[in-house]
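Asker: One structure, pasted below without further comment.
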Amino acid sequence: MPRAQKSSKTGAKPKPQEETVQQRQKHVSLSTYISMVGVHTTLLGYAGLFLPRTTVLQQLALYEADAAVLSSQDRPQPSFFNALTRSPTITLFALCLGALILQTWWSSWLRACSIDISSHRSEEDKLKEKYLPTGQKAKGLAQAYGIVILTSIVLHFILILFGAPITELIMKTYLLALFISILTNLTRNLCVGRANVVERSRFICQTMDLGPAVRRAVRALVYPWVGAVLGSWIGVIPIALDWDRPWQAWPLTPAYGALLGYILSSVTAVTVEAIFQNPIDSI
Amino acid sequence: MKARFSTLLWVFLVHLTGIYLFTRGFLLMRLSLTDISSPSIEQTGLSTHKRAVVLIIDALRYDFVTQEPPEPPSPYHHNILTLPRTLTQQQPQHSFIFNAYADPPTTTLQRIKGITTGSLPTFIDIGNNLGASSISEDSILVQLKEAGKKAAFMGDDTWMSVFPDTFEHNMTFPFDSFNVEDLHTVDEGVISHLFPLLEDLSKPFDFLIGHFLGVDHVGHRVGPDHPSMKAKLQQMNDVLGRVVDLLDDETLLVVLGDHGMDRSGDHGGDGVLETSAAMWIYSKGPALSQVSHPIPSGLLQYRTFPGTTKPHRGIQQIDILPTLSLLLGLPIPFNNLGAIIPEFFSRNDQLEKALQVNNDQIHRYLQTYRSSPSGGELDEAWSSIERVWEAASAANSEAKLIALNNFSRVSLAACRAMWAQFNPILMGMGLLILGTGLCASWAVYVGASSAEDNWDAWFKSHLPPSFYGAVAGCSFGVVGLLLGHSTLEFSVFGAALASSGLIIISSPPITSPSSLTPIPLILILHAVAFLSNSFTFWEDRIVPFMAVSSIIPYALKGWTAQTTRLRYRIVGFSTLYATCVRLISISTICREEQQPYCHVTFYASSSQTSPPLAAVILGLPVALALSLAIRRFLKISKSDKGVAKIYYPLILTPSLLGGALYWIIEWADTTSVLGEEWDGLLRLTRTWVARFSFGWVLILGGGLWYVVPLCVDISVKKENGQKQVQIIGFANASGSPYLLFWTVALSIIHITSQLPAQVVLSLATIALLSYLEVLDSVRDVEAMEPLAGGYRLPFRFNDIVPLALLGLHAFYGTGHQSTISSIQWKAAFMLTSTVTYPWSAITIVVNSIGPIFLFGLAAPLLGLWNRTPDEPKSASSQAKTDAMLAGLAIMSYYATLLLGTSISAAVLRRHLMVWKVFAPRFMAAVLGLLAVDLGVLLGAGVGVARVTQQEIRSCVGYEDGRGKEEEE
Ligand SMILES: [Zn+2]
Ligand SMILES: [Zn+2]
């Protein structure tokens, strides 16, 4: 089961001989953590707003473009949006691609971090775990991607339960499911490991019981998870308005809602960290 | 139980008071008569023109055309549309500008009806075909048709809903009216079709209506003070110039605004800017009035427009109708209340004649109305109407003219007092009662759930004072009497306010900040959404979204469950609930506003009312499956025993099958699949199938349940010499009999629902049962948590949300919308082949709000499900209190929705869509709340009372010690 949870039992009261090492590392990782989150969220935002505008995708988008969207010329919107709304499918595809790359990089960093702060393993073990052989690394990655795909299928079903069309716009709905799955699942799969689905979900629900040392890693996982899910939930709301704007097309608003929710909650996680954890760290 | 029931009853009475007061202030009603005027000889010689062109510039306010606009004039809408005043200056005998008073509600549909019938249309004109907005009253268009004249039409498509087949087909050009963002399409469409007709030398029309919408849309979108308005009015001025050029001498031109607009460009209410519409009448040929015949000044009224100093000639907008009718030589439509415009009849002393014809018509109308079922409305004013009528007959010469004119004005005033005024005081009083009533229910809710087993004591100390408060509050009626308002309204207001207030004060619902958590977030979002027209007409999609969201907290709780069995149960049943909800939302009839994003699935197509073939095929299997599914659910708690063994297969199943069979025969009958010769037999068969289905479940099922409500098997065994009583199904001994009671109502509503709706109701039933299992398991999980110490938590308000939403969702899924046109008239002909009171009315009502009623009735199940009557006394009382709290919660949920819709209707009463979106949703909310209230009262007063009766408990348990419970 989740290493993080196991470590919680000792995390609250670290053994004396480990304390100095741990605190040094924690201190370092807090400042690094802040800057890393900054970089990560900026890149995510950049990917969301600019990746769909790349020339290749835009040419595809023109090919794929929805005639109804193009024809609504009396619905002016800032020209910046045009590239994003031209073809929701291409936009979603770009979002998935960007998120996949960024989340893979982010979770490998987070994983290394969480190994560092776990207190129940020897330094040797930690190094071993940090620098896995390439084959094992690739296997882990492939498995994580596999789980993301499986989750995306489940998410597709859940999106339909929430009211997504059943027989129409299947590709768009699926890409949204995939995007949310990448945002919420990839990090956890790579960091927490391959515990069974129920165990992992219970781990999310029980995070409140964890000690402060592990909370950071957990917070870095759970906040964005909740943020992305809530963001996409709230993102559904403006679709119903009768403004007839191109950006109201399915599934742009829930996708960008998820992205925004993810970014905001990542930042919140850091802020909470900085406010509440600093005094403990600096002791 | 009595205390609990009377509390619910009290809440219901407060709701009724709020509804009554708000409705009295907001919903104006009138009976429309279908009589048609016939031509009379007296009016010969009054006609001057052969044809008329009536151009309506929507929302053209008086000051947009007047010579002397308010100071300082606006550069955007004053002195721009100048053609009428220029012509009036040049030819004062040919051209007239009036400040026309448009009666509220100043909405286009009502004004169109007003201008063409001369009456005061309200939102609900009783007697009209409720399904459509078309009118059955006499109108100038009916008279044109009777006289064999041809009418052309172009512009706002509202006309098409009012007069679907009055205009000549090759001269009808309607355009969509509700796309406010589009400023030009309608106007350009009118222009492109207007001039070819005017230029046509063969004169193909006798009457032409052109309805421009641009000015109105500019008003709604950017307001009157905007360059767009200037451009629009300039365009209209150019159009009028071209029309005048093309006009021939035999054609009368009438240009008018159907209403005005307020400062922000909206309309709908009774503000002076909204009711001041412009009217310009122009005759290119013969002069309309003669200088040689001056009009007695007593006949002419003047009004001063706000911001100006000089009074201008003012008329009633509906005055155009009798005037136009006489000038074209047509009889004045039967329901007209307008008076002729005296200027146009001063030729050769025709004025008295015209006034007399006009008065005869009005008098005839009033007498007919008075002898109608709604005639009582005229009681107060009748004596004064008769007095002026006598005076007009007796007077002579100039006094006669004034007396004649006086009669029509007195009649109009009397009718207006009945039909045409929003009453903000009553609306405010209604909102206040609904609001405080809601707070009081919340206070009762908090008080009762914290009192737990001391419930009786809580009741004794809190409810009697509020009763005395109500009695004392009645004296507030005196204030009403002193202010000259209705005593009844003020009395009930005082009573409801005083009793609610006393409850709130004696048991404040907010005891600490933590008592505010958890916030019913979904309910708040739901009620606030009514302020937006988009969310209101997409509500049928939003409700399932919220319903699925509301089950998520339970599903998440399931992940943390201690045992695998509970985990699977919670997650599995939550998924089943969500799946059923999603499947229900496949069925829809689509609102007009949802096009093009919606496909009709409830009917075979959007233009048919026969069910889709799939529903016909599924009808019988689903009915059978529903009965089996209910028993399968009961089997989980082993409560498919006792009377259930007889009831479900022998009573419920035949009734459900009968219900499906009825609609399959109806389908065969209306589509004539078997050929015409079968029609008579099919009609007879289905009538009897329906009668059988109703009777079987209601009499046998209801009777059986009342006599033996328990669903348990009792066996006595001797074991080791000791007597052992074994009761199977004991764990759910309160829930299962209540469910049986509920399925009687389910069956009744199932029968009145069409085939797709029967599938929807079946799915909703499964969703309900799934939710009961989820809730039960989650309570088990919580009881096992370390802090709970094995006690089951009491009912929480948020537990009602999935159920309340399910009711509304079932309402939408069963082929309804919050529009009057979605009433399924087919249901009126179930028990009889012609409309027969009260049966037709009953089946229609059951068909319409039955689904909501059903889930109000289901609320006590949340407290009773899987609760045994054998629990210690306090816990048993807790089950009853929980059932009552669940009832109170669902009543409060729907009362909050009603409050939301009535606030939106009151605040947005000047909104473009008030009569199309907000007012119908308000009415649906009223019906929904009444249905839920009645459901809860029936459930608490009959269902829970019978299920938890003392004798039953003693018969299964306490007599020889404890019964042994057998589970698993
Ligand atoms: Zn209008
Ligand atoms: Zn308007």
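All residue numbers here begin at 1 and follow the chain in the order shown.
Even glycines carry a Cβ here, placed using N, Cα and C.
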Asker: Please find, within the list B:490-510, B:763-783, the residue stretch that TrEMBL describes as transmembrane segment.
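Answerer: TrEMBL lists transmembrane segment for residues B:490-510.
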Asker: If I take every residue in the domain 'GPI ethanolamine phosphate transferase 2 C-terminal' (B:805-947) and average their pLDDT values, what number comes out?
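Answerer: Across the residues of the domain 'GPI ethanolamine phosphate transferase 2 C-terminal' (B:805-947) the model's pLDDT averages 88 on the 0 to 100 scale.
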Asker: Do any residues, 6 or more residues outside the transmembrane segment (B:646-665), come within under 8 Å Cβ-to-Cβ of it, and if so which ones?
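Answerer: Sequence-distant neighbours of the transmembrane segment (B:646-665): 611, 616, 619-620, 622-624, 626-627, 630-631, 640, 682, 685-686, 689-690, 692-694, 696-697, 700-701, 704-705, 740, 743, 747, 750-755, 758, 830.
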Asker: Helix, strand, coil: count each for the residues of the domain 'GPI ethanolamine phosphate transferase 2 C-terminal' (B:805-947), based on DSSP.
Answerer: 109 helix, 0 strand, 34 coil
Asker: Apart from its near flanks, which chain residues at least 6 from the ends of the transmembrane segment (B:613-634) lie with a Cβ under 8 angstroms of it?
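Answerer: Contacts with the transmembrane segment (B:613-634): 604, 640, 644, 648-649, 652-653, 656-657, 659-661, 663-664, 667, 711, 732, 736, 739, 743, 750, 754-756, 758-759, 762, 765-766, 769, 773.
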Asker: Using a Cβ cut-off of under 8 Å, list the residues of the same chain at least 6 residues beyond the transmembrane segment (B:729-749) that approach it.
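Answerer: That would be 630, 634, 637-644, 647, 652, 655-656, 659, 693-694, 697-698, 701-702, 705, 709-713, 761, 765, 772, 846-847, 850-851, 853-854, 857-858, 860-861, 864-870, 879, 939, 942-944, 946-948, 956, 963, 965-967.
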Asker: Any residues 6+ beyond the ends of the transmembrane segment (B:516-535) with a Cβ under 8 Å from its own?
Answerer: 510, 542-543, 546, 549-550, 593, 796-798, 801, 805, 893, 896-897, 899-901, 903-904, 907-908, 911, 913, 917-918, 921
